[in-house]
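Participant: This structure is in C-alpha cells; I'll ask about it shortly.
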Amino acid sequence: MGHVFGPAVPSATIADGTPRRAPAHGRMVGLDLARGLAVLGMFAAHVGPDPSVGGPLGWTMEVARGRSSALFALLAGFTLVLLMGRPRPHTGRRGRQAACRVLIRAAVLTALGYALVLLDTDVDVILPFYGLLFVLALPFHRMSARTLAFVALSTALVMPQVRYLLRAALDGGGLAGTVATVDPLARLTGSDGFLGLIVTGEYPALTWFSFIVAGMAVARLDLSRRDTAPKLAITGAALAVIGYGGSWLALHAVPGALAGVSAATGGGPAASAWWSDAVGEESATGQPAWLLVASPHSQTTWSVLGNTGVALTVLACCLVAVRLAGPRTRLLAPLAAVGSISLTAYAAHILAIRLLDAAGGGEWPALPVLLGFVVAAMAAAVLWTRHFRRGPLEHLLHRATRPARSLV
C-alpha cells in the first residue's frame with residue numbers, strides 16, 4: 001500500500017509481501033489495523049511493564065501476552081487465502097505458481113526467524129513456526145468457510161490433548177534427544193528442530209494450526225456484507241467466554257485441579273490460570289490438570305478457544321472501526337501503516353531489543369521504552385508507506401518469490 005488509505009491495497013503482512021494491485025477497501029484497511037494492534041501487542045509483551053504493576057496498565061499488559069501472537073496467526077491464515085486466490089482459489093498454472101510462492105515464503109520466513117533467534121534475545125521468535133504452519137495449511141486453502149471453521153474447531157478440541165500426550169512421552173525418556181540427532185533442521189540451527197516446531201516449542205504447530213485455519217475461514221467470508229463483522233464479533237465473544245469461562249469452571253469444579261496446576265508450574269499462582277500468564281509455564285509434565293488451564297501460552301483447548309475468540313473480536317472491531325470512521329479513516333493511518341509493514345516492524349523490534357540488551361544489560365525503564373517503540377514504529381511506518389508500496393523485508397520477501405513464475 002503506497003499510501004495507507006490510497007489506491008493501493010491489501011497489506012504486506014508478517015507472512016506476506018503481497019503486491020498491492022487492487023484498490024484499497026475498508027475491509028483490507030481493517031486487516032492492516034488489526035495487524036498494527038498485533039504488532040503493538042508484541043511490543044507490550046516483550047518490552048512493556050510487567051503485568052504485576054496492577055491497575056489498567058497491568059491488565060493491558062496481561063491481555064497483550066500470548067493473544068497478540070494468536071491474532072497474528074489468525075491474520076496469517078487470512079493472508080494465505082489472499083495469496084492462493086480470494087474470493088475464488090486460483091486454478092491451473094496460476095494456482096501452482098501461487099502455491100510455489102507460498103512455499104518460498106515459508107522457507108524465507110523460517111530462515112529469517114532462525115536468523116533473529118541468533119540475536120539471542122528473550123523473545124520467542126514466531127517466524128519459524130509460521131513457516132511450517134503455512135506449509136501445513138496450504139492443502140486446505142480450497143475449502144469453504146464452513147468446512148475450514150469445522151477443521152479449526154476440531155483441531156482446537158483434539159490437538160492440545162495429542163500434544164500433551166506426546167510431550168509427556170518425550171519428557172519421560174530420551175526420545176527427544178534421539179530425534180534431535182537425526183533431525184537435519186535441529187543440527188543446522190542448533191534448536192529442537194521439527195520436534196520443537198510441532199510439539200515442544202512456544203508456538204507448536206499441533207495447537208497453533210487451529211488459529212491459521214480459523215483465519216482462512218474468515219477470509220472465505222464476504223467481508224463486504226454489513227452483518228459479517230458483527231457476526232464475527234459475536235462468535236469471537238462466545239468463544240472467549242467458552243474458553244476462559246470454561247477453564248475457570250473446570251479449575252474450580254474438578255477436585256485437586258488448582259493443586260495440580262500449581263504442581264505443574266513449580267508453585268505458580270493457579271488461581272489466575274484461567275486467563276493469565278502469571279501462572280507460569282508447564283515445567284513438569286504428568287499433571288492432567290494442566291489441560292484445564294487457559295493461560296495464553298498453555299497450549300490447551302481452553303486457551304486456543306479463548307485466544308481465537310479474542311482474535312476474532314479484535315478483527316471484527318477493526319473492520320467496524322474503519323467502516324464507522326468514514327472520511328475520518330486517516331486518523332487510523334499510523335496504526336494501519338504499522339500493520340502494512342508488520343514483518344519489518346516485528347524484525348526491527350527484536351533487533352532493537354538486542355541493542356537495548358547490549359546497552360543496558362537487559363534492564364530498562366519499561367513504560368518509556370514501550371512508548372518509544374510505539375511512536376518510532378508509527379512514525380517510521382507512515383513515512384515509509386508514503387513513498388514505498390512495501391516495507392523493506394516485505395519487498396525482499398516479494399522478490400524472493402519471483403522464481404515461482406518460471407518454476408511451474
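Just so you know, glycine gets a Cβ as well, placed from its N, Cα and C.
Keep in mind that TrEMBL annotations are predicted by a computer and have not been checked by a curator.
Dumping what TrEMBL says about this protein:
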type: DOMAIN; residues: 27-231; note: domain 'Heparan-alpha-glucosaminide N-acetyltransferase catalytic'
type: DOMAIN; residues: 294-401; note: domain 'DUF418'
type: TRANSMEM; residues: 68-86; note: transmembrane segment
type: TRANSMEM; residues: 98-119; note: transmembrane segment
type: TRANSMEM; residues: 125-141; note: transmembrane segment
type: TRANSMEM; residues: 148-166; note: transmembrane segment
type: TRANSMEM; residues: 205-223; note: transmembrane segment
type: TRANSMEM; residues: 232-251; note: transmembrane segment
type: TRANSMEM; residues: 302-324; note: transmembrane segment
type: TRANSMEM; residues: 331-352; note: transmembrane segment
type: TRANSMEM; residues: 364-384; note: transmembrane segment
Participant: Which of 98-119, 148-166, 302-324, 364-384 has the most Cβ pairs closer than 8 Å to the transmembrane segment (331-352)?
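Facilitator: Of the candidates 98-119, 148-166, 302-324, 364-384, 364-384 scores highest.
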Participant: Averaging the per-residue pLDDT over the domain 'Heparan-alpha-glucosaminide N-acetyltransferase catalytic' (27-231), what integer do you get?
Facilitator: 94
Participant: Which listed stretch (68-86, 125-141, 148-166, 232-251) has the most C-beta pairs under 8 A with the transmembrane segment (302-324)?
Facilitator: 232-251
Participant: What stretch of 98-119, 125-141, 148-166, 232-251, 364-384 shows the most Cβ pairs under 8 Å to the transmembrane segment (68-86)?
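Facilitator: Most Cβ pairs under 8 Å with the transmembrane segment (68-86) come from 125-141.
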